[in-house]
């Protein structure tokens, strides 16, 4: 073919409305479903959802009841798909309602794009509705239409653009999406209401943005020298251990890490944030390590290892920092992070730090270069037995009531290979730490942002993600029967559920199949565990949870089934029924004791208290 | 008595825990009820709610279902009482959930103190849970515990203090509360968890902070010269008009302004934000003026006035700015604002601006100095007739359905003297503009922040305020029968109600007597009026509203009554029943047409569209 003529280039770069462009770009970048709430500043944009070319690529709107819930749902969508999730709100009122959800995505490295419809680009200065007054020394100094942009930039957003020039708008969109994937943190786009219908160049649609092409690559020379150092330590080690942390998931390395485990046969642990990244049915899985806040058995195993390969490290108070995160006295440690690789020797304090390196490249190179025959693994098989929850030695209880101890024993039975468990922030999530999850299953909860109420809307987002990308979380499809449609299970405390309860109706609306377990312990048990056991600020109103779906739109119980569980026998039966195949939505209210919470929570709280002294 | 000895001074300044100090100060400043949600960083503070000395002064906790709702409730409490309202949340997750509500208080000049429990003052640097990562050029640069303080300062907060020194903490508290009253905008206090139990000096408890002593006083010389100018214009005028705007309420001048009207017998109008400030039963009341967005009749009366005394002026897009706010061609205008007085002559453009002057002093001085005998009122009585809604000439409709037109005719009958009407953001509030409200009644709605969903929790806050300060909104108690307990009425659209619906349970919990009218028009009618009449993003799930209280805690209908109204006859009967005295809570679902919205909304939208061209 000869050189491209100007004419054909003109055809290739035909101009389309920015709204149409944006939705095409979003779908191309992973967001088939868009979460949000309409508002006057975003309506012209939302109208482009009905463009044939947008409908044709399967783009759909998920109308949430409010913006915070929409933000949580978007967060859940991205946690499940590991792709870009998109949230659309309106200026001020909508964007600020959502900000706590987006801040959680920032703290927990979730890829959420928050698009905010703002005032028309050519509108004169005015104190517009939905606009916060800009103050200086307490006095109003005139309208600042970028006031929310100023608030989120470098705080909850790793990238933020307030669009001002329609010609460069497509590039700005690409920039923000690329940075979201690169940093695995939220980004913001502020889109003036008049931009939706303005024509833009479509050239940028030729560049698909995804995780792979967004990460900054490590120069090969630097990479070689790092891998040399890592391999040297691995070959010297007799008891190396792999520690899987949250960012392994965020940077798309679950499959690769599990393959690395299988090839090397190294023993392996998970962190709190890394829970479910490792296939826990692998015979060398040793449990969840959380410094001082895990079982003695897991800790003693971890401390006996002479090399820790910590992949996807995330250092926050809960996962790592304030509670103390000890290593064995002679251990070497390698931290594999998305922006650095750090080798340090706890014995002599030697340290090598390689900055501006992404562990994605390093793990890939490690895979390619490792010589299995040079491994020198000498694990004591009496110590490194296969992980079984029975090692927890949970006490027998003389009661027919459902307790957290009973839940820890029984509840894992609801999960089959490939299933998804979401937990809201609360006491329940602590027991899950020591579950042995089935292969290919996925667990989702917040580990450091810990916003109460996030679970229910996040599970909605997960359910939508499961509709858009069925089984995408399964790395090894051969391990889940071909015809099996993975189950979505949510555990949520009653206090948390009251915060965001209306999103149950959205589950109905979009036919999200889900099993919702409401832990009815009469208030904020997680707070009572900290302080105020009998203080009425920790009480909530008692609800008749089983009546909710009738009010919320399933008038004749066609799509949902609600039940109350008070005894172990009833719980067993419920789990059995659900495993046989329940209705689309099963809501199960489970009565628990007011001060019944898992030992894992008690342990963490004691350690945090001691750490802060 | 002799000089105070050191010993007695020591007794006077006895030290008490900061938590106890804070709650005493809050009650002293007007916040008898405190709204919020517990979280680990605020629990030590909340424990001081149970100090005998705190309970003794009637301080109580109002536990809301989530933080945004708590912020709306605090806003409602302050709107009703015109006193400080207080909201307590926890670091990050709680404070950001609430921020939209507080931003609304900022935009609409409401006195809300937002207290945020934060990490202990002596805690080492760490990526604490609930802490947003601080970024720079997209990269994490270490924890910044003041990150939310940085976000709100000079944006949603007129005053913000992150407490770092326990010795100065009481003064900082006083400073923030004083500035809240001074500017009538929200303030923030970030309180480290360890401060609650530390001892502080009680000297500051001797200084009660309220509206009167917080306002900056105008020097008497300056005041005299301003009042001279104002009086000169008043005495020259033949057709002066008083225009009452929102800040008259916020700065506590309702009673004074109504007295000024009664003394001078000037004709008077209200703005949108000023609705219900003027006693609309006064014979010279002329209706609501909203520039181009009001009835022709009201506008023609307003434009015929030769002097406009605009008290409590608030210039935002809806109330004043973008829609155009014409005056008569030869009118003189005086703007009375909390930070300036401006006299201008529309005929020749002459203008005098007095800055750093509060209209509170000016109105007081005007009252004292005006010589009624020098007034030269020459109103044409044929033009300035007493305002009657019949002047709207609402069309007759041949239907038994409830319509917005019918609501406008019928719904005012639910209001007796002293009653309170709260409207959520939505189509219903536009019809209220042209109601003739009973004497001593109060109407509350957002006029520029316009956050959908605010009404229901705000009404909760109003109801709590009515319990704490019964009849405080009534300026002239003689006009409301002594034994009458004013009624609280809420009008809320179905889409708005779904956003914050769980706060119905809090109304039950605290026995808030209220009449909740849910306008069921099948989605976001106010958005449909703007765009997307048939777009499904404006749809919501249909609910069985009358089932809600059964799920939300009133299991046997002891405290609430829910009913469905489909026809005019049913509505008439319901209003009659409620006026005879209903249950504590009456929830009435009223079916309305999907595209039925008041003409006032249509008019405003057209004018906004034209203004932006």
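Cβ coordinates are placed from backbone N, Cα and C, and glycine is handled just like the others.
Annotations in TrEMBL come from automatic prediction, not curation.
Going by TrEMBL, these are the annotated features:
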DOMAIN    A:19-123  domain 'Thiamine pyrophosphate enzyme N-terminal TPP-binding'
BINDING   A:40, A:130, A:527  pyruvate 1 binding site
BINDING   A:181  pyruvate 2 binding site
DOMAIN    A:228-365  domain 'Thiamine pyrophosphate enzyme central'
DOMAIN    A:424-583  domain 'Thiamine pyrophosphate enzyme TPP-binding'
BINDING   A:494, A:521, A:523  Mg(2+) binding site
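Here the features listed in TrEMBL are placed on the structure.
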residue: A:40; record: pyruvate 1 binding site; DSSP (3 states): coil
residue: A:130; record: pyruvate 1 binding site; DSSP (3 states): coil
residue: A:181; record: pyruvate 2 binding site; DSSP (3 states): helix
residue: A:494; record: Mg(2+) binding site; DSSP (3 states): helix
residue: A:521; record: Mg(2+) binding site; DSSP (3 states): coil
residue: A:527; record: pyruvate 1 binding site; DSSP (3 states): helix
Near chain B - the binding-site residues A:40, A:130, A:181, A:494, A:523, filtered by Cβ distance under 8 Å: A:40, A:130
By Cα-Cα distance, the member of binding-site residues A:40, A:130, A:181 nearest residue A:523 (Mg(2+) binding site): A:130
Between residue A:130 (pyruvate 1 binding site) and the residue listed as 'pyruvate 2 binding site', the C-alpha gap once rounded to whole angstrom: 30
Farthest-apart CA atoms of A:40, A:130, A:527, residues recorded for pyruvate 1, distance in Å: 39
Subset of binding-site residues (A:40, A:181, A:527) lying within 10 A of residue A:521 (Mg(2+) binding site), CA to CA, in sequence order: none
Secondary structure content, the domain 'Thiamine pyrophosphate enzyme N-terminal TPP-binding' (A:19-123) (per DSSP, counts of residues): 53 helix, 21 strand, 31 coil
Three-state composition of the domain 'Thiamine pyrophosphate enzyme central' (A:228-365), taking helix and strand from DSSP: 42 helix, 34 strand, 62 coil
Overall pLDDT for the domain 'Thiamine pyrophosphate enzyme N-terminal TPP-binding' (A:19-123), taken as the rounded mean: 98
Cβ atoms near residue A:523 (Mg(2+) binding site) (within 10 Å, other residues, all chains): 24
Spatial neighbours of residue A:527 (pyruvate 1 binding site) that are distant in sequence (at least 6 apart) but have CB under 8 A: A:538
Between residue A:494 (Mg(2+) binding site) and residue A:181 (pyruvate 2 binding site), the C-alpha gap once rounded to whole angstrom: 35
Cα-to-Cα gap, residue A:40 (pyruvate 1 binding site) vs the residue listed as 'pyruvate 2 binding site', nearest whole Å: 30
Residues close to Mg(2+) site centre defined by A:494, A:521, A:523, Cβ within 8 Å: A:493, A:495, A:519, A:520, A:522, A:524, A:525, A:540, A:592, A:594
Cβ neighbour count (within 10 Å, all chains shown) around residue A:130 (pyruvate 1 binding site): 27
Fewest other Cβ within 10 angstroms of its own Cβ, chosen from the binding-site residues A:40, A:494: A:40
